[in-house]
Amino acid sequence: MSFLTDYLRLDDPNFLITAVLIMFSPTYWNLVARSEYRTHWVTRLFRSARVGCSVLAVSIMLLGLHRDWWFQQTLYSQPKASALQLPVLGYAVIAIGALLVLSSFWALGWYGTFLGDYFGMLMDEPVTSFPFNLVSDPMYVGTTMNFAGVALLEGSVAGLVLAALVGLCYKVALLFEGPFTEEIYRKRDADKRKV
């Protein structure tokens, strides 16, 4: 246990702020998207589902940049563990993570990536091409890998703990997102059959 206590400072404000931001982000976009689906308040506010979805997308990206900045501050403020400073592995993990994130963005498009289905912009068919033929949630897996890769570059126990928190938060988010999104498409298909 001394390895953890030597290389992880839980009382570091940067660590705590980063942890809160990691937990807040998926909570935020799930709450906004679900309330939009039920009430269409974002669409009404911006007078367009596409504009509303794009505003949500930009807010998600800005939150992500803010979270990433605090993550970097945490890496600077925490002790380094030279045994974990593995640049080759770190770059490999980042490369695979970036490939998953970028290819899933390419496959889903702007609105598919940023919860367009909650705004009524539904895809005709589920995406099953790369990277979805490898992992069911490549954006989340890739993002988690990017955090882990950067932590390995820095030899940061705190970074690896936060990367694990990212993965855990995405797993929890998927418990809500997955069934809700499936229900959106089930409803669409049922409505089509009625016509």
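Cβ coordinates come from backbone N, Cα and C, glycine included.
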Annotated stretch (transmembrane segment, per TrEMBL) among the listed ranges 12-29, 48-65
12-29
With reference to TrEMBL, is Tyr118 found on the same side of the membrane as Ala190?
no
Can you tell me which parts of the same chain pack against the transmembrane segment (147-170), counting only residues 6+ beyond its ends and a CB-CB cutoff under 8 A?
3-4, 7-9, 12, 15, 18-19, 22-23, 25-26, 71-72, 74-75, 78-87, 89-95, 97, 137, 140
At 10 angstroms around each C-beta, which of the binding-site residues Ala95, Ile96 has the fewest other C-beta atoms nearby?
Ala95
Over the span of the topological domain 'Lumenal' (34-45), how high is the average pLDDT in this prediction?
96
